[in-house]
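Read through the structure below, which is laid out as structure tokens, and then see the notes.
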Amino acid sequence: MRPAGKGGGRPLILSLSLRALIAAGLIASAVIHFQLAAGYQQAAPGGIGQGNLFRIHAAASLATAVFILIKGSSPAFLMAALVTLSAFAAAILYRYVPLPEIGPIPSMYEPVWFTEKVIATVVEGIAGVLSVAGYLQRRKNAVRLRSSLNSSP
């Protein structure tokens, strides 16, 4: 047990910092996707289109950023990991693999890198790794708490 005032607030500061970094990555991704959406929607103005998928991703990113900042729970970290890593995987996949249209999802093959795409992909990857780390830390703390509760008289 730590004496009062001897680093007792450090876990809270680390958790808040981690959540702020994840939220910043989610917000950066959302802003970039909102900015790019209109240009990508022109390829399929009447359908779902890549632009609308970008808008959906941006909205999910913003909602998740709020969730992770407010809650910081295991589900919040898990949701952040799913949102960021799915976007990261999609960017990498559609950069290197010429997938055809899949049902209502358009072909989004784009074999180039440009500044916004690089920034979004990098922040999604970093936020995804941080989200997984936060989720695993929460799970570890929950297991530790349960085992200490079970072992106390």
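Cβ coordinates are placed from backbone N, Cα and C, and glycine is handled just like the others.
These features come from TrEMBL:
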- 12-32: transmembrane segment (TRANSMEM)
- 52-70: transmembrane segment (TRANSMEM)
- 77-97: transmembrane segment (TRANSMEM)
- 117-136: transmembrane segment (TRANSMEM)
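Under 8 Å from some Cβ of the transmembrane segment (117-136) lie the Cβ atoms of residues 15, 18-19, 21-22, 24-26, 28-29, 32-33, 68, 72, 74, 77-78, 80-81, 84-85, 87-88, 91-92, 95, 110, all in the same chain and six or more residues away from its ends. Within its own chain, the transmembrane segment (77-97) has Cβ neighbours under 8 Å at 22, 25-26, 29, 57, 60-61, 64, 67-68, 108-113, 117, 120-121, 124-125, 127-128, 131-132, 134-135, 138, counting only residues six or more beyond its boundaries.
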